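Quick look at what TrEMBL lists:
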{"type": "TRANSMEM", "residues": "B:6-27", "note": "transmembrane segment"}
{"type": "TRANSMEM", "residues": "B:34-51", "note": "transmembrane segment"}
{"type": "TRANSMEM", "residues": "B:57-75", "note": "transmembrane segment"}
{"type": "TRANSMEM", "residues": "B:87-108", "note": "transmembrane segment"}
{"type": "TRANSMEM", "residues": "B:142-161", "note": "transmembrane segment"}
{"type": "TRANSMEM", "residues": "B:173-196", "note": "transmembrane segment"}
{"type": "TRANSMEM", "residues": "B:202-222", "note": "transmembrane segment"}
{"type": "TRANSMEM", "residues": "B:229-248", "note": "transmembrane segment"}
{"type": "TRANSMEM", "residues": "B:254-273", "note": "transmembrane segment"}
Amino acid sequence: MAKPIIKIENLSASYRKNTVLHDVNFDVMSGSLTGIVGPNGAGKSTLLKTMLNLHPALAGSVSFFGLPFAKAKKRIGYVPQRGSVDWDFPTDALDVVTMGLYGQIGWLRRPGRLHKEKAYEALEKMGMADYADRQISQLSGGQQQRVFLARALVQHADIYFMDEPLAGVDATTERAIMTILKELKSIGKTVMVVHHDLQTVEDYFDHVLFLNQTVIKHGKTGHIFTKENIAKTYGGNMHWKGEVNQGVVHSFE
Amino acid sequence: MTYTGWIILTAALVGLSCGITGVFLILRKQAMMADAISHTVLLGIVIAFLITSEVSGPYMLIGGIFAGLLTAFLVQWLNSLKVQQDAGLGIVFTTLFAIGVILIATSAGNAHLDIQHALMGEITFIPFNTVTLPIIGDVPQATVLLAAVLIIVVITITLFYKEWKITSFDPALAASIGIPVLLMHYVFMSLVSITTVASFDAVGAIMVVAMLITPAASAYLWTDKLHNMLLLSGAFGVISAITGYYVAAWIDTSISGSMAFMTGIVFFISFIFSPKHGLIVKYV
């Protein structure tokens with residue numbers, strides 16, 4: 001069996017004095033598309049941030065390709081929550097996508113024509129080419145999310161982490177994003193996505209990670225996406241109506 | 001150059017360096033940090049004076065950087081100990097400023113340092129205190145200091161332009177691609193500190209806040225491009241400084257007060273007439 005590309009062992013993290021994550025263990029295989037689901041406050045965003053060294057870990061270890069984060073970061077792309085930035089910032093869509101290349105461009109250099117072209121291609125891929133010169137505050141929520149995705153694409157990473165890329169977006173954007181995610185998976189990239197809509201988990205992800213402060217269950221969606229595991233993760237507060245494909249079940253954000 | 005010429009040049013330099021630095025204060029949502037640092041640099045200046053026994057440019061800049069970084073660090077530290085950001089800011093800067101005031105009163109009373117001067121500045125005295133530079137000749141000390149600071153600010157911002165942009169817009173992404181976000185924060189706080197120290201003599205600790213924040217906030221209303229915002233903010237700073245001088249001469253009042261007042265007028269005009277975010281556009 002192949003070696004895991006992401007390995008998390010005994011990871012713990014806290015906000016202030018509240019423990020948000022404790023004893024998190026899981027391995028992720030290369031080429032998988034994993035949905036991270038769990039109730040509000042389950043630590044989904046914190047898990048991503050802690051893995052990426054954006055939030056301090058209290059204990060445990062994180063490794064990518066067998067290396068610590070610092071040595072692997074050039075191969076990792078991160079899409080933060082859309083609400084984490086100020087969309088009134090004086091810049092346009094193309095410029096935001098170009099930011100994804102800043103790591104490759106390096107210090108004391110400016111983005112050149114080649115970089116702009118790469119950024120433009122990524123926008124094109126997300127169906128956003130017409131909006132390249134648009135001030136970012138003039139974009140709809142879904143368009144902003146697509147700009148964020150385009151920015152991650154130009155990084156040409158091997159592993160992608162995305163924090164709620166489908167939250168509050170229109171249907172077109174959701175389709176565009178899922179097409180890209182499946183394409184990334186098909187070319188062997190590994191993608192982990194914080195997701196909030198239980199109804200679409202089975203359609204979108206081949207792996208699912210149930211999280212509520214610790215890993216409740218992690219594995220192939222077909223095997224573990226069951227009523228029992230959902231109830232266990234959401235603490236039985238969810239009204240799970242009938243079978244998997246019926247009824248609307250959201251964990252409202 | 002004439003007496004008036006030096007004053008206008010000095011005022012314009014204040015407007016330009018504060019205008020440029022201020023853009024990132026606004027975009028990083030740290031406008032109140034300017035208020036804090038403008039007060040705490042007083043402590044840095046006093047300490048520099050107590051150590052070297054002279055009120056001279058380079059020592060003041062170093063003292064100012066020290067005080068500015070101390071402020072930024074203490075605010076960050078209190079915040080990590082669960083003190084609210086704004087409360088932490090209020091505690092840190094008033095305490096450090098108070099120490100500065102006490103030190104002036106007890107140890108530096110005879111020097112060219114007094115609280116009135118530190119708060120309000122006195123641009124009219126600037127041409128009297130000159131240094132002799134090669135080729136150029138006699139130049140007011142404050143003007144030389146401001147020119148040097150302007151050069152440092154422009155170079156630092158141009159060299160790391162894309163890093164300033166990304167750490168201001170999306171610090172999480174910046175950190176994830178390996179840009180030292182915290183270091184950039186402290187470097188920026190140093191820039192704010194030296195700009196403040198250099199502007200101190202001319203406009204004082206309180207008016208420098210107006211020069212740092214208001215032109216940048218006005219420029220923000222006119223453009224959607226960062227580089228335009230920097231140029232516009234610098235221009236607004238210069239315009240406010242120069243018109244402020246003439247208004248003061250006309251109605252015979254405080255120069256630093258008029259300069260700060262003019263930044264307010266520029267903002268007010270922008271707020272109403274800006275083609276993108278102005279009040280009129282919103283209601284038409």
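Every residue gets a Cβ built from N, Cα and C, even glycine.
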Criterion met for the transmembrane segment (B:57-75) and the transmembrane segment (B:173-196) (at least three Cβ pairs under 8 Å): yes
Stretch contact, the transmembrane segment (B:142-161) with the transmembrane segment (B:87-108), Cβ-Cβ under 8 Å, 3+ pairs: no
Dominant neighbour of the transmembrane segment (B:254-273) in B:34-51, B:87-108, B:173-196, B:202-222, B:229-248, by Cβ pairs under 8 Å: B:202-222
Interface-richest range of B:6-27, B:34-51, B:87-108, B:173-196 toward the transmembrane segment (B:202-222), CB pairs under 8 Å: B:6-27
Per Cβ pairs under 8 Å, the stretch of B:6-27, B:34-51, B:87-108, B:173-196 packing most closely against the transmembrane segment (B:229-248): B:6-27
Stretch in B:6-27, B:87-108, B:173-196 most in contact with the transmembrane segment (B:34-51), if contact is a CB pair under 8 A: B:87-108
Distant-in-sequence neighbours of the transmembrane segment (B:87-108), which means Cβ under 8 A and at least six residues beyond its ends: 32-33, 35-37, 39-40, 42-43, 45-47, 49-50, 67, 70-71, 74-75, 78-79, 114-115, 118
